[in-house]
Amino acid sequence: MTATRDPCSLSNYGAWRTKHTSVDFKIDFDVKQIHGSVVLQLESQTDKESEEVILDSNSVKISDVRVNDVEAKWEIKDHSDPFGAPLHVAVPGGVSKEEVIHIKIHVQTTDKCPALQWLSPAQTSNGKHPYIFSQAYPINARSIFPCQDSPDVKSTFSFRLTSKLPVVASGLYVGDRDHTATLGTEKVYEFEQKIPIPSYLFAVASGDIATARIGPRSIVATGPNELAACKWELENDIEKFLQAAEKLVFPYRWGEYNVLILPPSFPFGGMEIPIYTFATPAIISGDRQNVDLFAHELSHGWSGNLVTNCSWEHFWLNEGWTIYLQRRIVGAVNGDAEFHFSAILGWKRLEDDVEQFGKDHEYTKLVVNHDNVDPDEVFSTVAYEKGFHLLYYLEKVVGRENFDKFIPHYFDKWAGKSLDSFEFRDTFMDFFNETGDAEIKKNIATIDWNDKLYTPGLPPKPEFDTTLADQCFELANKWKDPSFEPSEKDVEEFTANQKLTFLETVQQAEKPLSPERAQLLGKVYNVATSTSVELKTSYLLVALKANDTSCFSDVAEWLGHVGRVKYVRPLLRALNKVDRQLALDAFQRHKDFYHPFCRGLAEKDLGITA
Ligand code: BES
Ligand code: ZN
């Protein structure tokens, strides 16, 4: 009865469930700590059976624990990686079922906290103020404050955050938003999140942040120097994407959809923080060509944030659904060819990852066993792309028109809740057994769920419309001939994604270009000096593969401007291949700029793990 289904949480959330969380934290730049108190309101799931609450914690300092305002007996048990050290709090005698107790904990973060990155003024764009941001996904919320750190537990949140710089958090701002006048002066910022969210969506950021409107329910927040460029980049598409998503599912329930553009050391492309998607500045390219990322992140407003995987074993329910919605949105806004183009690129990445793991590897299954497994190790495109392919297959089995009726049903049924793959399967089967005609019922009976959820390796490859992709592959093919004479017209009609696909294909070709040919490519197609971080990075990878020594110092320098794992790892690995010393020097020079997560992966890649 009190068993839990999340192997990555040490908490006893089967016996107690967090209903509301209030944090009252000071963001202290001077000592690089977040400290203050957290109050967890926990509802008893049993009738006086449980006499202790066990919470997840990792590398936090605790000074005081109170239960219903009375000093409590508590103990932090042994630490073990990666799940941390459970905090046991005594509740003598237990309480009646459904009774709610308040646990108040005084806590401070330590320099071992993997969830926080503290940036010095020099690491921000205008160099005037420090900056902090958090990244709790997947199991790092416990390194900010003790909690039931499982996506199977959802809580509403109140935030009271004191900082001398403007703050954003994963809730709606309470009060007026005129931050800028208070730069440097301590102020309290309050936020409310009335929709229950899992702990991994808890987030804060604070720094020299200004805001501008990018849509009727959207603002962008970023450094004052970048504000105009960010506004221009986003103001055309966000509302369009939101409306397309709403047509597919149902109205957006979170009130605002805002974007925070972070400093360049943000290690991901985007993270679906409720109210404020966090995103890398690398997508601000001056051509509005990277906005697809927001079709993805805002889709999480339904898949992931509203309807949540109950453990990382079922991560595809978050990311596979989100990729599916993202592609449907982009298809609806830019035409069906874009749906297929994106799916083809995804398939290529899936092939790469399956090859990397090995086609029989546990981590290539849709549902992955996580007993004693660090979710970071499992992370790959498998959940994204195999998840997408299951949904695309189900769409084909019942027909798009019918599948489109299932989408709102599913998201409404599970809104505010967490589920596993079997509950998903049952919801799908029940819906079509109740509403489908004889033909549909016959078709869904043939679905081999066991195979879909547990067979490792690639799923069957469906037919795609290859129009957009073929153009990229054909051009890449021409470059195999050393006498091919390029012209800037070759890529005139290409979208940035097509240029990217072309560059990736050239880079992955068995035979590298000669250094001279790589330089020619960079110049004629205008990618060597592109203002797009994606394009420039992809070009540098082509040049490195070509052993074009003239680009080496440029790469070493560039590695201090990009902090997204997706760029840092391939660049460092490729540089390491052609000039190990230079790669090691570049890493030493830039390692403090990288986020701890990125730094760790880079050390692994370079073989210099401490
Ligand atoms: N939830 C992920 C971001 C994430 C993944 C954060 C793993 C931490 C660890 C987010 O929604 C995502 O998938 N972002 C992608 C971009 C997207 C367009 C596929 C990214 O950051 O590359
Ligand atoms: Zn995602």
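Including glycine, each Cβ sits where the backbone N, Cα and C put it.
Nobody curates TrEMBL annotations by hand; they come from automatic prediction.
From a predicted model like this one, the values you see are computed outputs, not experimental measurements.
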Further binder of Zn(2+) named by TrEMBL next to HIS296, HIS300, taken from the candidates GLU313, GLU319 | GLU319
What other residues of this chain sit with their CB within 8 A of the center of the CB atoms of HIS296, HIS300, GLU319, the recorded Zn(2+) site?
-> GLU272, GLU297, SER299, SER303, GLY304, ASN318, TRP321, THR322, ILE323, LEU325, GLN326, TYR384
Could you tally the C-beta atoms, other than its own, that fall within 10 angstroms of the C-beta of TYR384 (active site, proton donor)?
-> 25
Near HIS296 (Zn(2+) binding site), which residues of its own chain have a C-beta under 8 A away, given they sit six or more steps off in sequence?
-> GLY270, THR322, ILE323, GLN326
Give me the mean pLDDT over the domain 'Peptidase M1 leukotriene A4 hydrolase/aminopeptidase C-terminal' (467-606), rounded to a whole number.
-> 96
Using DSSP, tally how many residues of the domain 'Peptidase M1 leukotriene A4 hydrolase/aminopeptidase C-terminal' (467-606) sit in helix, strand and coil.
-> 98 helix, 0 strand, 42 coil
Compute the C-alpha separation of GLU319 (Zn(2+) binding site) from TYR384 (active site, proton donor), stating it in Å without decimals.
-> 5
Ligand 2: which of the recorded positions GLU297, GLU319, TYR384 have a Cβ closer than 6 angstroms to it?
-> GLU319
With every protein chain in view, how many other Cβ atoms are within 10 Å of the Cβ of GLU319 (Zn(2+) binding site)?
-> 25
